[in-house]
Amino acid sequence: MSKTLTLKDIDLAGKRVLVRVDFNVPLDKETGEVSDDTRIVAALPTINEIIERGGKAILVSHLGRPKGKRDPKYSLEKVAERLQSLIGKPVTFVPDCIGEEVEKAVSKMNNGDILLLENVRFYSEEEKNDPDFSRRLSSIADIHVNDAFGTAHRSHASNVGVARYLTSVPGFLMQKEIEMLGMAIENPEHPYVVILGGAKVSDKIGVITNLLEKADRILIGGAMMFTFLKAQGKSVGDSLVEEDKIDLAREILQKAREKNVEFVLPVDTVIAKEIAAGSESKVVDLEEGVPAGWKGLDIGPSTIELFNKKLSDAKTVVWNGPMGVFEIDDFAKGTESIARTLASLNDAVTIIGGGDSAAAINKFGLAEKVSHVSTGGGASLEMLEGKEMPGIKSLSIEGGKKKRRLMVAGNWKMNKSPNEARMFAGFLASSIGNENAVDVVVFPTSLSVAGVADILKDTSIKFGVQNIYPADSGAFTGEISASMLSDLAVEYVLVGHSERRHIFGETCELTGEKIKSVLKHGLTPIFCVGETLEEREAGRMKEVLETQIRKGFSGLGKSDLERIIIAYEPVWAIGTGVVASPEQADEAMKFIRDLIASLYGVDLSESVRILYGGSIKPENFESLISMENIDGGLVGGASLQESFVQLVAIAESHA
Ligand SMILES: Nc1ncnc2c1ncn2[C@@H]1O[C@H](COP(=O)(O)OP(=O)(O)O)[C@@H](O)[C@H]1O
Ligand SMILES: O=C(OP(=O)(O)O)[C@H](O)COP(=O)(O)O
């Protein structure tokens, strides 16, 4: 049975750790200072664990909803100041979350340092979960820790997208939320009592429906109660009722009866004519009903007594939604009483949903007296509804198949003049959409890269060079270096292609030096390995691959490996029209993956992407990429024609 990796399973020393926290905290409207630092405090154990074990903590969060634009009102600068005073260590605030300034700040980090990046929602790509943005975010790190439970119901780049490129493990807060809420949903100890309140039935219908399957009692407070009471024919005066949910309320009451779930509604309520402090208020029995012109704004004393009785023997309690307008003291008694009752239930697991329920518990200073106060309102609600949580589903699992992002790469080799290359790049740009679920990369000749870069710059199609020499500059006639490529925004470099090895005599050692140079300049190597027909027929395929891998990777650490893509290109299938069978290809690539597992660990072997190369065509590509160990293709001849677009479409259908 595979399990989610945890922070304890990961070697953190020297690692650049991208930590997704939820620092979406309220800021004081006048001073801009943090007015409630609960969520910052909740992240401290994870941050301290990382820096105490020698990691470099690079924190990323959103704040508010700035709609993809830079807005000082939503800056995390003040949050960085509060974090620094809470953690008692310097926190460097970086006024961006991707790009040169971030890369420079990360490169200057020492083990144990803390960076907080600027609001990730200043980029619209965050909420779109844009793959390129996810890749850029993950490129500054070696591992991803997701401690943002409050955002776990969102599928965004910084919590979900990056998990395609980095191993992603839960932080301590995320782990505790999953354990506590997961227990309350899957395996609660009985009697199991759920208390629901807040404003609207429509907000909580999912929770009620889901928990009717598990709970023994459901206690209803807040404004929600009036929709149920009206469904029972009681008069509710001017209380907050969702008229369009009355039938639904009746159905729920009926379902509760069928399932033998005690559905407990208030028996009295505190009413007032205005929702304002100091307005005249009184308690009415709900059998008599709320008089016209009055609103029910809290549960009454008899209801408090009734609810306390229903809670007295509970073993598991979940509370989501205040019992009344708790923001105003006149109508906070119900909420405060329930909070105090839960705090007194020493034999029960007491779990508070996030949002206003958490605010209420904190308001009465009772957070330490309950088992768990969730840091996510919407997130805990959706989890209690049994909805899938993208920010949890994306976590890496041990031994399980981690979905790796597919790649289709076109190696143009020595084909297409610069003008022909520009023309063909223009065709690709117009034929391949920008919202790709797979990575598309082309490798023109070095002569054509600048022109192709210009054509592709506003598309999602990436590009690279077919070879480099491992020096940064010097007397190497005809060669180019990795250090020159940043001028052209090149991201990928083919290294060790079989033609470099067998036509130009490149040794494994030279290939290894090229890989180091590519990594040094922040580029992504596509490291080609493969055996010749003679070697395969002599039964030496594995020996040859092992030699090439070990020599190519010599001196590289896990963090380097996380940035490398491998291409298995059996020499006998390159340019010969003979394609490896899916089984042959998968066998070789499984061997490579197992070798990486033995050298660098399971989680890395699961996340490294391995492409197949050798006579790929639209008619054989589908069967290849459906294999367990094949994450795409390094395409030769077929990348020079329109068939390349078909290959991308095939990969998209598999993403
Ligand atoms: N009887 C009531 N009448 C009007 N509003 C109410 C009543 N009881 C609670 N509320 C309001 O409901 C709001 C919280 O509802 P909701 O957002 O659903 O809670 P949560 O965030 O905990 O899920 C609070 O602002 C509170 O003032
Ligand atoms: O505050 C949050 O949600 P919550 O108010 O439901 O707890 C989370 O930070 C998610 O924010 P979002 O609802 O803007 O995605």
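Numbering starts at 1 and runs along the chain as displayed.
Each Cβ is built from the backbone N, Cα and C atoms, and glycine gets one as well.
Residue environment of H497 (active site, electrophile) contains 28 other Cβ atoms, counted within 10 Å of its Cβ in all protein chains. For H497, the entry in TrEMBL reads active site, electrophile.
For E569, the entry in TrEMBL reads active site, proton acceptor. Within 10 Å of the C-beta of E569 (active site, proton acceptor) we count 26 further C-beta atoms, all protein chains included.
Taken from TrEMBL, the feature substrate binding site covers 22-24, R39, 62-65, R121, R154, 411-413, G575, S615, 636-637. Mapped onto three states, the DSSP output places K413 (substrate binding site) in coil. Long-range neighbours of K413 (substrate binding site) (same chain, six or more residues apart, CB within less than 8 Å of its CB): T445, Q466, E499, G636.
Annotation note: G355 (ATP binding site) sits in a coil segment as assigned by DSSP. The ATP binding site feature in TrEMBL is assigned to K204, G296, E327, G354, G355, D356, S357.
In terms of C-alpha distance, the listed recorded positions R39, R154, H497, E569 place R39 closest to E327 (ATP binding site). Listed in sequence order, the binding-site residues among D22, G296, G355, K413, G636 whose CB lies under 6 angstroms from an atom of ligand 2 come out as D22, G355. Closest to G354 (ATP binding site) in space, going by CA atoms and restricting to the recorded positions D22, G64, R154, H497, E569, is D22. When the recorded positions R154, S357, H497 are checked against ligand 1, S357 have a Cβ within less than 6 Å of one of its atoms. Annotated pair G296 (ATP binding site) and G64 (substrate binding site), C-alpha to C-alpha distance, rounded: 32 Å. Reduced to three states, the DSSP call for G296 (ATP binding site) is strand. For R39 (substrate binding site), the same-chain residues lying six or more positions away in sequence with a CB closer than 8 A to its CB are V21, D22, F23, N24, V25, G150, T375. Annotation for the binding-site residues G64, G354, G355, G636: lowest Cβ count within 10 Å of the residue's own Cβ, G64.
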